[in-house]
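One structure is given below, encoded as structure tokens.
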Amino acid sequence: MSNEPERRPVAFPSLFDEPEVPTRVPHTAASWLGHRVVRPAWLWRREIAVVLAPVVVGAIPWVVRGAPLADLARLGGGIALAGLLGGVLSLVPRLRSGVGRWLSEGRLRRKWDMACRFSRLQTDALRIPRITETEHAGAGTRVTVRLPKGLSTDDLTAASEKLAVVLDVRETRVKRDPARAKYPTVLVLDHNPFHDERGPVRLASPVADAARWSLWDGVPVGLDELGKWSTLRLVGRNLLLGGEPEAGKSVALGTALAAAALDPMARLSGLDAKQVELALWEPVMGGGVVYNDIDAAIDLLGGLIAEMDRRYDQLAQLGIRSVSRSLGWLVEVLTIDELRFFTAHPDKQKRTAFNLLLIDLVARGRAAGIIVLAATQKPSSDVVPTSVRDLFAYRWALRCTTRDASDTILGAGWATEGYSAGVIDAIDRGVGLLLAEGGMPEFTKAAYLDDDAIRRVVTRGVGLREVV
Ligand SMILES: Nc1ncnc2c1ncn2[C@@H]1O[C@H](COP(=O)(O)OP(=O)(O)OP(=O)(O)O)[C@@H](O)[C@H]1O
């Protein structure tokens, strides 16, 4: 007798490429009905509702009038009329796009069901992670799911490549919600908004062509991976940027600076150790720019702290705790490009004096309408002490050489959680992990303003201040 394994007849390929859904008991008629009819009908419920809606609406008058069977023509007429009404309503753009979004969410849920089953993301009770929320943007969808008992975020992460194959997308990325293990987020990324077919793109800054801006409205500084603008509410919050040389820090500061320049109710000042980064902005920097001079930098910080104390006195007299738009006070914006020159200055006495003033300004200035935007190309603890870093609500780690450097900007532990700016490709200038207060770091690419655009913004900013 041959030792060859028993050959089994090859079955005809299935008409549909369907995942196998195992059952705990042999199929009965009821389980077959549930599996083959009820489950697919539930997944197609939105489309079924769209088709059935004219039938139900058209049948209402027929039923109300006692439904004489001979009057079927009237039923047909009612359905046709309801269908026509639906057709006319679909000409209303907002209605049409609303229904379109609703149907495309249904499509996503069906694909997600299929993807989970093909990826064996199901419990013994055949439950899969259920979609609870979706947020769609140009380059993908953020999906929040509820995990059934028996599955964890790690199972989702392990299956992410398989999910991407069935969903037919560029990538799926799973994020654990630090507050709730049961509700992880899955980024379903269709395409890379930071690249086109020729490589990395330069994103036009939405601020560049604005006639004026208000910092109180927030500043769209860059695009996230889903292709959505990340808006920073800078009044009341400080921004810290770090990354290796040429990572794109000065460019990333540019959009925030442009918004401040176009806000006549903002007073700008700067500390520029590299002498070239803020030079273009100098005409609009009413509070002055200090180049690599630590004594002048200490004086400038001292002046801002005196202003901060004066504002706190006024706030106390008014009986309020922090500035608001209605007070009409100027927002003071201090930009520091290359923190290292000042915070790690070789003269220990001056360095200590500078650091103490900076900590005081960053800690207390926010509520008084004084904000600091700081950048460093050496994200290490001697340049950005933890006590200073923790006072920055917005932290943006552009490409870093090490995980530790990334953590120096974002905060300890993020690299271990899988968020390290060390993984960013060297060609992706301007891409970094942006962490907003209390949130999760998001890959974000900064908008780009070239020198001509900066000059135009500065000219408009100077003009706006002349008329105020
Ligand atoms: N957001 C961006 N989009 C496209 N290109 C960018 C972006 N950011 C930076 N670049 C490219 O990278 C170059 C360096 O950027 P930038 O001067 O901002 O880096 P940096 O981190 O400030 O460098 P350094 O620390 O050496 O001063 C820019 O001249 C530009 O060509």
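A Cβ is built for glycine as well, from the same backbone N, Cα and C atoms used for every other residue.
Note that the coordinates shown come from a computational prediction; the quantities given were computed from them, not determined experimentally.
According to TrEMBL, the domain 'FtsK' annotation covers 218-407.
Here TrEMBL flags Gly243, Glu244, Pro245, Glu246, Ala247, Gly248, Lys249, Ser250 as ATP binding site. Annotation note: Pro245 (ATP binding site) sits in a coil segment as assigned by DSSP. Other C-beta atoms found within 10 angstroms of the C-beta of Pro245 (ATP binding site) number 9, with every protein chain shown included.
Sequence-distant contacts (6 or more apart, same chain, Cβ under 8 Å) of Ser250 (ATP binding site) comprise Glu277, Asp337, Ala375. Checked against ligand 1, the binding-site residues Glu244, Pro245, Glu246, Ala247, Lys249 give Pro245, Glu246, Ala247, Lys249 in sequence order as having a Cβ less than 6 Å away from one of its atoms.
Looking at Glu244, Glu246, the binding-site residues in this record, the fewest other C-beta atoms within 10 angstroms of the C-beta turn up around Glu246. Counted within 10 Å of its Cβ, the other Cβ atoms near Lys249 (ATP binding site) come to 26, all protein chains included. In sequence order, Gln377, Leu398, Arg399, Cys400, Arg429, Gly430, Gly432 constitute the residues six or more apart from Ala247 (ATP binding site) in its chain with CB-CB distances below 8 Å. Mean per-residue pLDDT, taken over the domain 'FtsK' (218-407), amounts to 92. Ranking the binding-site residues Gly243, Gly248 by C-beta neighbours within 10 Å puts Gly243 at the top.
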